[in-house]
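Q: Attaching a single structure in structure tokens format; questions to follow.
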Amino acid sequence: MIVGYSVFFHHTVTRRTWCAVTIFFCRQRNVNSAMIRAISIRWLLQRPGDKRHSAWLVARSKSLLVRNLSTTNQVKGETEEPSQADLLREFAHMPVERIRNFSIIAHVDHGKSTLADRLLELTGAIARNGGQHQVLDNLQVERERGITVKAQTASIFHRHKGQLYLLNLIDTPGHVDFSNEVSRSLAACDGVVLLVDACHGVQAQTVANYHLAKQRQLAVVPVLNKIDIKHANPDQVCQDLKLLFGIDPDEVLRVSAKLGTGVSEVLERVIETVPPPQVQRDSDFRALIFDSWFDKYRGALNLIYVLNGKLEQNQDIQSLATKKVYSVKSISVLRPAECPVPDVSAGQVGLIACNMRNSKESIVGDTIHLKNQAVAAAGSYRPQQPLVFAGVFPADQSKHVALRSAIDKMVLNDSAVTVKIDSSPALGQGWRLGFLGLLHMEVFCQRLEQEHGAEPIITAPSVTYRLVLSNPKMIKQQGRDTMDISNAALFPEPHSIKEYYEPLVLGTIITPTEYVGQVISLCVERRGLQQSSVNIDDTRVLMKYVLPLSEIILDFHDRLKSLSSGYASFSYEDHGYHPSHLVRLDIHLNGKPVEELCRIVHVSKATGVARQMVLKLRELIPKQMVQIAIQACVGSKVLARETIKAYRKDVTAKLYGGDVTRRMKLLKQQAEGKKKMRMFANIRVPHETFINVLKR
């Protein structure tokens, strides 16, 4: 057909020769005829002498050929891959020796989801150029923000040295606020692909994820991505990997996930490097729940990693944590779409539906087993403790039940979030939620709105402080001499507190050398203490700082990116509690305290925060019949004050002359009336004012 096209268009012998070579090459590599026609016709239609178009066409042809070769997953001398039905039959009989469980870990925006797309295309799990990029990023918030916030799983098949292998792939988030997703995913893995951007090199979350993998003693496959970009520097990045992690540069794979270059070598290296799972198929069934989500028709769906034995449909399973028994209604494997299978065996990952209607019954990290069988807990995953807390209230109290249901379903899908009941005289009944960071909080609330139609009011984030009590009565009430508090309204009186402690984090910052001075100034401004500073190479520095958590949860990351022109990266981990000097900042309106507006701040920041709050309240509180004095106080000391003038009624407007004593009498009566009003009147603060002050 191609020769027919060439004769029809009467083009030069050179083009016909190129087409013939292309056809021969494609047929040798089993590329489908549609690809042959696409490449050849574009070449035949090229105008003679158009060198620019010719260069583009050659590059495009190479790209299409590489990606098509990856998609077909066929090399010379191998047979065609089996159909989907054949693969699912193979799934049931796949020996443990030919199973590999691995995750892709990297810093944010290093190309994890794009590489996952190429791997899915290469193994035939999805169609090439299916019209959707980042297939595993299926949440609306992920597509809007361009980041991965939820780890996703896909089971793929790949032929290696004549044998078919089952690879369970997990694409993980790269932002530090979603490190719980990475930790949860690694509980079901035996190895990781450590992906590094060949342009930006090793960044903060790369370091954190690498150490997390090594703590679990997982095999590491180092891969450099984006080698097709003009300013990529793979040699220097390989040296950085050697300096920081001791990785041999010769072991680092170089790929372009965008073009598909070198992607097949990644799968080959995974099969050769990552060990098969250490499981037992001849023992009693035991599995770890490492993810779950809610389906309105099937209830809670649980993603399980089978540690021992085998699970079949219609068997009865029991939760080790709740002791409740369920019947398995369906078993599926994610490819990444759900594909029903009759059973799952040790070493495999499966999705089970067991009519679990209460979202609280599904616990990530729980162990499940067959009914009336005694097994030990898996114990390989523990949720991280939240660092940032915020109040969540319904905009309308009539929607309290609906918001509660939405939060329960979201927490099922995000086990890092903690929920406690809270109330506020200004905002009504609500909850106090714990998150791993500010972005985690923003994404959670955005998902509440998009996926459940909720309209929550989110208060300003805070952290948990630890107090050592000196009051015997309070110690007896608490049952111990310490008290953890994240709500400033519950802050005890200073005379009842012996010591204050605030949470710290160990932050890792990687920045270009020209911005080191600005970064140090920012850290000092946020009360940071430098722990170490290492030159990665001639252009970048890795610094470690101990910082108060309260100083970084709001705008630290934004400030860091701004002063470094976007080149610095930052990640952090919990560093315990440290003694500090904290005070409770109270807001008074005409001498009366307003508990809903109080805050806990460090003594060095108290004056600045006080000034900001009184200025904001002056703008938000409307004028009233009496003058309003807004004061920010620590104890009895006033740190800042603003005044809202009262409405003025011109009581002398009706006078048109006469004795001046009449005018003075009216003004005196007005002054006495205002004085009396100040003594007995309550300041009316609109509900919207509280919302605007309290919300982030």
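Each Cβ is built from the backbone N, Cα and C atoms, and glycine gets one as well.
The model shown is predicted, which means the values in this text are computed figures rather than measured ones.
Grabbed the feature section from Swiss-Prot, which reads as follows:
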BINDING   106-113, 171-175, 225-228  GTP binding site
DOMAIN    97-278  domain 'tr-type G'
TRANSIT   1-76  transit peptide
Q: If we count other C-beta atoms within 10 Å, could you say which of the binding-site residues LYS112, HIS175 has the fewest?
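A: Per-residue Cβ counts within 10 Å for the binding-site residues LYS112, HIS175 bottom out at HIS175.
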Q: If you run the three-state DSSP split on LYS112 (GTP binding site), which class comes out?
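A: Going by the DSSP assignment, LYS112 (GTP binding site) falls within a helical segment, counted as helix.
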Q: Which site among ALA106, ILE227 has the most other CB atoms no more than 10 Å from its CB, taking these as binding-site residues?
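A: For the binding-site residues ALA106, ILE227, the Cβ with the most other Cβ atoms within 10 Å is ALA106.
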Q: Looking only at ASP109, THR172, which of these binding-site residues has the biggest number of Cβ atoms within 10 Å around its Cβ?
A: THR172
